[in-house]
Amino acid sequence: MWQFIRSRILTVIIFIGAAHGLLVVGPKFIRANQEYTLVISNFNSQLSKVDLLLKLEGETDNGLSVLNVTKMVDVRRNMNRMINFNMPEDLTAGNYKITIDGQRGFSFHKEAELVYLSKSISGLIQVDKPVFKPGDTVNFRVIVLDTELKPPARVKSVHVTIRDPQRNVIRKWSTAKLYAGVFESDLQIAPTPMLGVWNISVEVEGEELVSKTFEVKEYVLSTFDVQVMPSVIPLEEHQAVNLTIEANYHFGKPVQGVAKVELYLDDDKLNQKKELTVYGKGQVELRFDNFAMDADQQDVRVKVSFIEQYTNRTVVKQSQITVYRYAYRVELIKESPQFRPGLPFKCALQFTHHDGTPAKGITGKVEVSDVGFETTKTSDNDGLIKLELQPSEGSEQLGINFNAVDGFFFYEDVNKVETVTDAYIKLELKSPIKRNKLMRFMVTCTERMTFFVYYVMSKGNIIDAGFMRPNKQTKYLLQLNATEKMIPKAKILIATVAGRTVVYDYADLDFQELRNNFDLSIDEQEIKPGRQIELSMSGRPGAYVGLAAYDKALLLFNKNHDLFWEDIGQVFDGFHAINENEFDIFHSLGLFARTLDDILFDSANEKTGRNALQSGKPIGKLVSYRTNFQESWLWKNVSIGRSGSRKLIEVVPDTTTSWYLTGFSIDPVYGLGIIKKPIQFTTVQPFYIVENLPYSIKRGEAVVLQFTLFNNLGAEYIADVTLYNVANQTEFVGRPDTDLSYTKSVSVPPKVGVPISFLIKARKLGEMAVRVKASIMLGHETDALEKVIRVMPESLAQPKMDTSFFCFDDYKNQTFPFNLDINKKADNGSKKIEFRLNPNLLTMVIKNLDNLLAVPTGCGEQNMVKFVPNILVLDYLYATGSKEQHLIDKATNLLRQGYQNQMRYRQTDGSFGVWEKSGSSVFLTAFVATSMQTASKYMNDIDAAMVEKALDWLASKQHSSGRFDETGKVWHKDMQGGLRNGVALTSYVLTALLENDIAKVKHAVVIQNGMNYLSNQLAFINNAYDLSIATYAMMLNGHTMKKEALDKLIDMSISDNNKKERYWGTTNQIETTAYALLSFVMAEKYLDGIPIMNWLVNQRYVTGSFPRTQDTFVGLKALTKLAEKISPSRNDYTVQLKYKKSTKYFNINSEQIDFQNFLEIPEDTKKLEINVGGIGFGLLEVIYQFDLNLVNFEHRFKLDLEKQNTGSDYELRLRVCANYIPELTDSQSNMALIEVTLPSGYVVDRNPISEQTTVNPIQNMEIRYGGTSVVLYYYNMGTERNCFTVTAYRRFKVALKRPAYVVVYDYYNTNLNAIKVYEVDKQNVCEICEEEDCPAEC
């Protein structure tokens, strides 16, 4: 078969000057800190030697000299001379040239412009996965290389930035230090981040070096993959598409299930659909109805949904299938791009089927214009019709025509070459390319050669050259050693003079290896999950090695996250790339010529095609429960040992799948090494279990726990499968209550998934361990796994907490009584009582930082609860000189996540909004800006310009009177609604400006105008909420009326419990009281603030937070500020807890800051007494909880539910309608949320909401708890009906279902709510149990 494969681009530009028998060759490009080599050849028969002055010089655009180097050299007859120039490290951009002048009577002058290349380093990024879920950790490596693929000596650090899809800076490393050219770090993604494509960018000296993207989204990693391909290449004449559908688990075994196939033709309209049962592989034919094509090919779209049997897990694949008019295509391949008039021209028509195989037996008429060529030919076994054409001396163009008998037509023109000589030289490689081995080349010339020169070029420079003297031969065997300097790629150029014309040729050398010849292998290609695997590495002693392994299933999303051999080749080529021009070989080789009039350079010297050149390629037991199901692992760095090798033993995850393992190595001298392709290995067991468990169930429901058994041993076996009752959490339906396990037996044929299930009830709330073991052959082969499902209460849990605070400056003894307020209608057995002693005010806040509020946080304001408390905790820890570094690290890490979350709500004008891309909010922008400013003390990722822009936006919204009004929607009426002259919002914005040192100066006029407005309004403020924020603003400003405002605020307060507590009774009493406490701290009224603190701590949740975002923000801020003044450093006291007839003792000293708790309080206890004796500070907390049936709640919303008829037990469609019931005409709620919980066994897909009303649209939707709950957000609600339909699907079998519920409530006043229950099918145990599970009554 003929091969006409185009050679690759030469990555070194060379200039050649031939005059007086002198040939000068050198690189066209120069770089800083790199050698520049010039080669001068003397083939002058008259002069025994020539003397030359070489001058390399450069200057900037304004004439400043940046380089001036001269060298005197002499070159003897029939010899080469290599001259090296070392370019300085600090070489900068400029205009450079080299000049060669003859000396001592030798007349010669040539100069050439050189091109400065600034690119001296390149970068790569490796990420451990292509896609991440919220809450995942992103591991990444940055690799920086110089032009020789080594760590650059001058680059010690880089600037790394990670941005979210809106280009907000989420994390940055300003000075990321490189080790062996590598920087490695990670990013913890927040639980509710902005979904989409994120970006990692790397900068050096202010210029971007490299960037890479990864995706953040909700996804489920499929256990199997589906491939859809045409069974035969579809042609128009077939009028059908025949498809092969293959479904295999990632560990290679076939999947059984149903494939739903849909065909879409023109305009993306559904043409037809079919279903077929598939076990591993299936075929289906989709016939067209008069399908006509307008072109030679046309795409149709096929969508295949494959549903796995027993589990209903689904994989959807969409494919573009091309339908062709003809069964083949043709391409003209030529020995050279152009023909020479008067010389033979070889070419061929290559016929290929659309699958890439040669199309033989294609017959047609071949016509070539201008030469009178006409014949009928048939393609041979290689799909070729070979042609040897004889263009005449006067031929200008060849028009090659092919007409097949089936109507296929092809035409292409070939132009003549503008030539100066018929002579040419050819270089052919005649041996393999191997490191340190001899390479043999055949040099062939049409003229008898008296000399030729060869040049070896690599990495932008000439690394070797030679002057060869054949004895007037036309063929010569050139032998060169393949040195390490040539690796990974090089070029060999040969040149000679034939009759006053320089002719030349070249060959590419691609070693397919790197100087750092790193190798990685594993001891087994198939291994059991959870077992050890041995990795063997070899390379340069002491070299750095980076390893990574990930689940092959991730490649279904993307594979650009990893580093591959091809990436290294692209980096290398990127240093030396030149645009190829197939008609100008000088351009492609990077050559330009300088010569006298009587010596010319040939312009068409590519006589033959050449192959790409490549080198050869190197080559009675304990049962452990599978609990580690990672998607990526082995993200590890090691060093090669002194011997040049290293072994590593690692435990593989418990997942049954296929894995990709990759590795690279970096050595300071030999540079980068990487394995040729990822190592693929499989974790699979001869016998194993696959689970299909629900996310959650309700206590008391009968639930089918389903598993599938797989047997790969080639024969049928009886399997014993045991489900365990772990910690007495589980009841086996139809079995004795005392059973600790339940064993079933089932026959498992080979290579077929066999389902087995257990009918159970959950006895306890919380997390229930599901532990299952299966064995065959008397236990010779076993598998076991353990997972957790959540057990939810039948009713709504009602958590409560009573708190007393004490602060003894000297020794005291005091008793605190606690009477528990437990509803008489509480569910039996649901009561839990706990005592907790906190020697530190923020202990529980710190412990629960990542879970302060149980309510949804799906808008820009609520989301701040994941950000602000971390700032307050860090303020407190630093203010009190805490040495608890792990707490500081936890708060800082969560602060970063909260920042990520919040950046979702940044608007294009620099402000912040309550929803993504929904418009700006004055209130929220003030809230976020002041928080970001404070947070910047603890994380450098926050852009000061971003905070400044938000505050500038705020300042621009001030009214001429000094007042601020909300520009966006109102969802927090008291703050934003403009009620009572807008005092609350104006005060709030002023506090944001006053708490920012830059804004306080920049916007001093805005602040002054605002304070004037507040002081003018002070006499008319009668609302405690407004006054509390205004007073705090005046305190921050140091206003002359601050004392008057505080006195007025104190007059509005309420004292109770013998003046041990003080608070302000408004609809926002926690927020109001907290602002008042902040003013007390600013006024240094610490002792007077303690009664306020007493009341505030009594309002807290079990987690240490308050009911809502603003309560938590201001409440914790106030408590923190006072707590900083009341240090627990003097604690020394004893606490007695008395209940019924029992007593429990606790001793506290100044070194204890963690809480102590006691859980063993009987549930029928109604009263506790706690005695404290000693000196110090502490919180006494009695936490209790009970479940209350849903019918016992009062309603302030109208809520209606309608279960629609779907005709199927597997689909649930629930119509939900809600509206606010106002006390005053036309009044509205604050932000309203509707939460729909689903019955056990049902889950929603990604888009569950339809048929929503549009008068008051839904602003946001959250899917929670594994798809078992959906939350809808509204700005507010009035009397209008707000309706939507939610659709869910039954994925698991459940009997005795508890009712599910829908709740609607006002986020800022949760006393305004409504709850309704609903039920679905009332299946009993007998309807879902299998024979051996069924109780006697069935």
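Residue positions begin at 1 at the first shown residue.
Here the Cβ of each residue, glycine as well, is placed from N, Cα and C on the backbone.
The structure displayed is predicted, hence computed values, not measured ones.
Cys1283 (disulfide bond) falls within a strand when secondary structure is assigned with DSSP. As annotated by Swiss-Prot, disulfide bond applies to Cys1217-Cys1283 (among others), with the evidence given as similarity to another entry.
Residues annotated as disulfide bond in Swiss-Prot: Cys1326-Cys1338 (among others). In the three-state DSSP reading, Cys1326 (disulfide bond) counts as helix.
The disulfide bond feature in Swiss-Prot is assigned to Cys1329-Cys1334 (among others); the stated evidence is similarity to another entry. Around Cys1329 (disulfide bond), a 10 Å sphere centred on its CB holds 21 further CB atoms from the protein chains shown.
The N-linked glycosylation site annotation in Swiss-Prot covers Asn68 (among others). DSSP assigns Asn68 (N-linked glycosylation site) to a strand in the three-state reduction. For Asn68 (N-linked glycosylation site), the same-chain residues that are 6 or more apart in sequence and have a Cβ closer than 8 Å to its Cβ are Lys55, Leu56, Glu57, Gly58.
In the three-state DSSP scheme, Asn199 (N-linked glycosylation site) is classed as strand. Remark: Asn199 (N-linked glycosylation site) has Ile162, Arg163, Arg167, Ser211, Lys212, Thr213 as non-local neighbours, by Cβ distance under 8 Å and separation of at least 6 in sequence. The N-linked glycosylation site feature in Swiss-Prot is assigned to Asn199 (among others); the stated evidence is sequence analysis.
According to Swiss-Prot, the feature N-linked glycosylation site maps to Asn242 (among others). Within its own chain, Asn242 (N-linked glycosylation site) has Pro230, Ser231, Val232, Pro234, Gln283, Val284, Glu285, Leu286 as residues 6 or more apart in sequence whose C-beta sits under 8 angstroms from its own.
All protein chains included, Asn312 (N-linked glycosylation site) registers 15 other Cβ atoms within 10 Å of its own Cβ. Residues or ranges marked as N-linked glycosylation site in Swiss-Prot: Asn312 (among others).
Swiss-Prot lists Asn481 (among others) with the feature N-linked glycosylation site. Other Cβ atoms within 10 Å of the Cβ of Asn481 (N-linked glycosylation site), summed over all protein chains shown, number 11.
For Asn637 (among others), the entry in Swiss-Prot reads N-linked glycosylation site. Asn637 (N-linked glycosylation site) carries a strand DSSP state (E or B). Counting only same-chain residues at least 6 apart in sequence, those with a Cβ under 8 Å from the Cβ of Asn637 (N-linked glycosylation site) are Val182, Glu184, Tyr544, Val545, Gly546, Leu547.
Taken from Swiss-Prot, the feature N-linked glycosylation site applies to Asn728 (among others). Around Asn728 (N-linked glycosylation site), the same-chain residues at least 6 positions away in sequence with a Cβ under 8 Å from its Cβ are Leu740, Arg763.
Cβ neighbours within 10 Å of Asn813 (N-linked glycosylation site), excluding its own Cβ and spanning all shown chains: 11. Swiss-Prot lists Asn813 (among others) with the feature N-linked glycosylation site.
Residues or ranges marked as N-linked glycosylation site in Swiss-Prot: Asn828 (among others). DSSP gives Asn828 (N-linked glycosylation site) a coil state; it is part of no helix or strand. Neighbour list (Asn828 (N-linked glycosylation site), Cβ cut-off 8 Å, at least 6 residues apart, same chain): empty.
What Swiss-Prot lists as signal peptide is 1-21, and the listing cites sequence analysis.
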Practice problem: Name the secondary structure element type, per DSSP in three states, that contains Asn242 (N-linked glycosylation site). | Solution: strand
Exercise. Give me the Cα-Cα distance between Asn813 (N-linked glycosylation site) and Asn312 (N-linked glycosylation site), rounded to a whole Å.
Key: 65
Quiz item: Relative to the Cα of Asn312 (N-linked glycosylation site), which of the recorded positions Asn481, Cys1217, Cys1283, Cys1326, Cys1329 has the closest Cα?
Solution: Cys1329
Practice problem: Give the distance between the Cα atoms of Cys1326 (disulfide bond) and Cys1217 (disulfide bond), rounded to the nearest whole Å. | Solution: 35
Practice problem: Compare the Cα of Cys1329 (disulfide bond) against each of the recorded positions Asn481, Cys1217, Cys1283, Cys1338 and report the nearest. | Solution: Cys1338
Practice problem: Enumerate same-chain residues with a sequence separation of six or more from Cys1283 (disulfide bond) and a Cβ-Cβ distance below 8 A; give 'none' if the list is empty. | Solution: Arg1215, Val1216, Cys1217, Ala1218, Glu1251, Gln1252, Thr1253
